[in-house]
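According to Swiss-Prot, the features are:
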type: BINDING; residues: Cys3, Cys6, Cys22, Cys25; note: Zn(2+) binding site
type: ZN_FING; residues: 1-30; note: zinc finger
Amino acid sequence: MECPVCGSNEIVWDNKNGEVVCSNCGIIIDNIYYSGQNESESTDTIIISNTFYKDEILIKELRIKNFLKKNRIKNKKTDQYEIILRSMLVDAQYKKIYKVLYDEGILSGLKAKSKLGLLIYFRFALNDRYLHQLKEFNIKNENLRKILKRIGRKRLTLIFDKLNEESDRI
């Protein structure tokens, strides 16, 4: 087949648009006509069971939903402890303790629950009233002990000395 206008043999069958086009001059030479019977209907259809893949997708979706639910609950608890922490910082003594701990760099990287536990510990550490306070806020003493161990004994004494200096100034 050749182009009637330019005589070129470079003809392109554009099945997407249903046209026969000359690649040299770009003229549409003819339209492509399809038969009434589709090729997909003439062949035997093969049915593949996708239940395995569907089950796997459902399992992944459920896993993601459960993770998001648990994550929301954790965020709500964290928000509660942040609210408690902010309300405690209204008190002048807690504010001073927080400032000293912040200046020492101890509060960086800790969650609000741990910060709250440290504030309670440094406020009531001398008379062991902090254990009762920790129970009220559902803070485990073991977690507080781990944080205090990470801080170290020398640093703890330094912090207590700074807190005593702050209280002597007033």
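Glycine is treated like the rest: Cβ placed from N, Cα and C.
Sequence-distant contacts (6 or more apart, same chain, Cβ under 8 Å) of Cys22 (Zn(2+) binding site) comprise Cys3, Val5, Cys6, Ser8, Glu10, Ile11, Val12, Ile29.
Around the Cβ of Cys6 (Zn(2+) binding site), a 10 Å sphere holds 12 further Cβ atoms from the protein chains shown.
Excluding the listed site residues Cys3, Cys6, Cys22, Cys25, the same chain places Pro4, Val5, Gly7, Ser8, Glu10, Ser23, Asn24, Gly26, Ile27, Ile29 with Cβ atoms within 8 Å of the centre of the Zn(2+) site Cβ atoms.
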